[in-house]
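J.: So Swiss-Prot has the following annotated:
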SIGNAL    1-25  signal peptide
CARBOHYD  N29  N-linked glycosylation site
REGION    79-107  region 'Disordered'
COMPBIAS  87-97  compositional bias 'Basic and acidic residues'
MOD_RES   P99  hydroxyproline
CARBOHYD  P102  O-linked glycosylation site
MOD_RES   P102  hydroxyproline
Amino acid sequence: MATTRVSHVLGFLLWISLLIFVSIGLFGNFSSKPINPFPSPVITLPALYYRPGRRALAVKTFDFTPFLKDLRRSNHRKALPAGGSEIDPRYGVEKRLVPSGPNPLHH
């Protein structure tokens, strides 16, 4: 009997506190606080700044062009002509050519 009273009181306090927080959130915007006509300017970080926990300086603008591959040059093999297609007896579909070589997802 005493535990049900305690649970009812705690539930009542929970609902009241929730109601207070919601009412402050909804009606807190209509308070009579003065609006600042001159907001503070946005602070921008320089291009070279120090990140704590790192030994090196982090550069925001970095030129990645030396690392980009030349799009005109291709290291991939040329596609073989589609003359020798075989049917897989297990699945009854055409066998696919599986590329060989290192996995491109691993460096």
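Cβ from N, Cα, C; glycine included.
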J.: With helix taken as DSSP H, G or I, strand as E or B and everything else coil, how many residues of the compositional bias 'Basic and acidic residues' (87-97) land in each class?
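T.: Going through the compositional bias 'Basic and acidic residues' (87-97) residue by residue, I get 0 helix, 2 strand, 9 coil.
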J.: What is the Cβ neighbour count of P99 (hydroxyproline) at a 10 Å cut-off, with all protein chains included?
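T.: I count 9 other Cβ atoms within 10 Å of it.
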